[in-house]
Amino acid sequence: MIFICVNTPTKTHGIGAGFMADVSAVETATRTVAKHAKSGAIIVEKSTVPCGTARMIHDILRYFRPEDKFEVLSNPEFLAEGTAIENLMHPDRILIGSSPTLSGLQAAAALKKVYAAWVPIPQILTINTFSSELAKLVANTMLAQRISSINAVSAMCEAIGLGADVEDISLAIGKDVRLGPKFLRAGVGFGGSCFEKDILSLAYLARELHLDVVADYWLAVLRVNEDQRRRFTRNVVRELNGSLRGKKIAILGFTFKEGTNDTRNSIAVHIIKELASEMPREIAVFDPGCAPHEILEEIQRIGLNKDEMERVRVCYGWRECVQQASAVCILTQWRQFRGQHLGATAGSSRNMAMLTDDGLATDTQEACISEMAIRDLERLSRQQVEAPSDDPLGRLKPLPPCPKDCSQCGRGGREQAQEMVNWVEAADMMQEPRWVFDGRNIVNHLELQRLGFRVRGIGKGQILENTRENRGSSRKLPKELET
Ligand SMILES: NC(=O)c1ccc[n+]([C@@H]2O[C@H](COP(=O)([O-])OP(=O)(O)OC[C@H]3O[C@@H](n4cnc5c(N)ncnc54)[C@H](O)[C@@H]3O)[C@@H](O)[C@H]2O)c1
Ligand SMILES: O=c1ccn([C@@H]2O[C@H](COP(=O)(O)OP(=O)(O)O[C@H]3O[C@H](CO)[C@@H](O)[C@H](O)[C@H]3O)[C@@H](O)[C@H]2O)c(=O)[nH]1
């Protein structure tokens, strides 16, 4: 069995540029396979590809090896970055697409047997090749669609004000078993190397099939995502009185999501570009998962002009980043940003209501919940002892520890990069008006306000109203910032 897992980015030139998936790496890999594979080998297409790619692989093999027989299966990968091993060991499902011929079904059965070594049989689905290829694109598009839907709601909450809180809405609708609680976390939008390219690929297919309304429907998911991050940048500029000149902006979080060092198509990249055009004194960037030189290389690719680029500084720790900043923008959901002195729960007013001045829980319902949480924890830890190991054959090797002078860790070493943000200290280090723009709703907004920060989260109608009242300002904003 030969697995093809090469990259399939969006085409950047020629027909379909900006939409169609570029399958040239699959094509090249298939040629390599054609050169070396034993007759009868099963070729497993693991890359995310447009419908019909398995047939292309089959045609290439037939062209180069007309005498030999190969089966081509579609077996899309569903793992998410940061949880790859967990997703591999405990997948929701395994999808195997084959041709409906006897040899196709036999090949599918052979691959099923491989997975059956650790995946329960009912979770291994065998379907036809085209459905399998399409299912992968649809799965990613629908996950992204949920994020855009809740982000669209967050925009409405902010506009409504009056305490409308998107986190409360996520909680409320997620309890409906038909909707479920996952992928309802509002934020500055989704990034990464997969969602955008797969939506574009699905929309391109719809357009090719002359289904323009369908294509536009899927593309709206991306439009909401772009609007979400632009709205975030507009809000930063707007709250800083319409101009960033002379101000330092700290960016906490550069990777497209927590638990990875992947910066491909990160929301931070787009936001830094937009903020840089406002000519701030400095944009300081820090990410606990990403080597500073990698951040810099990625920013150099954004296409900032020389003047803009000179204003960007990549930092080795949060202190250096927030020092003298007028505003902090949190763009990735790293736990380190929640802070030493703040609760682990997000910035919802619902979570805050239970805290008194000394931080003790007063609400009996919340107290009850913590008791239940402790019981849950106990139950989980018991289950874990009984649960099968993630590595029953002992084949996974732990990563060797990082050397002291590791270039990936940078100047301050890994410890500095991993340090929790101390918001009390940050308050002293920052400049007025000490804004925190919480693009992932992860910090405790009330506690930060108590420390003297002005805080703006995503989809927090109430906080916007409070902030305005606190300032007692009826300042008129430039027209373009009002839109
Ligand atoms: N990254 C993810 O979390 C994820 C999850 C599910 C599916 N996918 C899909 O998996 C595929 C790969 O994604 P990725 O993120 O690993 O991409 P990647 O760019 O990180 O890795 C692709 C690798 O393929 C290699 N490669 C390219 N052409 C080759 C050739 N002809 N022969 C041998 N090697 C070749 C590249 O050198 C590179 O190491 C894509 O189709 C992607 O959509 C990715
Ligand atoms: O409620 C949510 C969940 C995620 N995100 C953002 O969405 C992006 C993507 O997150 P996630 O899906 O967890 O990471 P990926 O590694 O991109 O994984 C997706 O893309 C992979 C590649 O195709 C698929 O295999 C996975 O199933 C699919 O989840 C990140 O920027 C997240 O911050 C949100 O904003 N809100």
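From the backbone N, Cα and C atoms, a Cβ is placed for every residue, glycine too.
Residues or ranges marked as NAD(+) binding site in TrEMBL: Thr8, Thr48, Glu81, Lys197, Arg264. Feature annotation from TrEMBL assigns substrate binding site to Phe78, Leu79, Ala80, Glu81, Lys136, Phe183, Leu184, Arg185, Ala186, Gly187, Gly191, Lys257. Among the features that TrEMBL reports, active site, nucleophile is placed at Cys194. Look at TrEMBL and you will find 250-357 tagged as domain 'UDP-glucose/GDP-mannose dehydrogenase C-terminal'.
Arg264 (NAD(+) binding site) and Gly191 (substrate binding site) are 8 Å apart (CA-CA, integer value).
Rounded to a whole number, the C-alpha distance linking Phe78 (substrate binding site) with Lys197 (NAD(+) binding site) is 15 angstrom. Residue environment of Thr8 (NAD(+) binding site) contains 22 other Cβ atoms, counted within 10 Å of its Cβ in all protein chains. Taking the C-alpha atom of Ala80 (substrate binding site) as reference, the shortest distance to any of the recorded positions Thr8, Thr48, Cys194, Lys197, Arg264 belongs to Cys194. For the pair Lys136 (substrate binding site) and Glu81 (NAD(+) binding site), the C-alpha distance works out to 16 angstrom. Taking the mean position of the Cβ atoms of Thr8, Thr48, Glu81, Lys197, Arg264 as the NAD(+) site, the remaining same-chain residues with a Cβ inside 8 Å of that point are Asn7, Pro9, Gly192, Ser193, Cys194, Asp198. In space, Cys194 is the closest of the recorded positions Leu184, Ala186, Cys194 to Thr8 (NAD(+) binding site), judged by Cα positions. There are 23 other CB atoms within 10 A of the CB of Thr48 (NAD(+) binding site), with all protein chains counted. In terms of Cα spacing, the binding-site residues Thr48, Leu184, Ala186, Arg264 that come within 10 Å of the residue listed as 'active site, nucleophile' are Thr48, Arg264. Ligand 1 lies under 6 Å from the Cβ of Thr8, Thr48, Glu81, out of the binding-site residues Thr8, Thr48, Glu81, Lys136.
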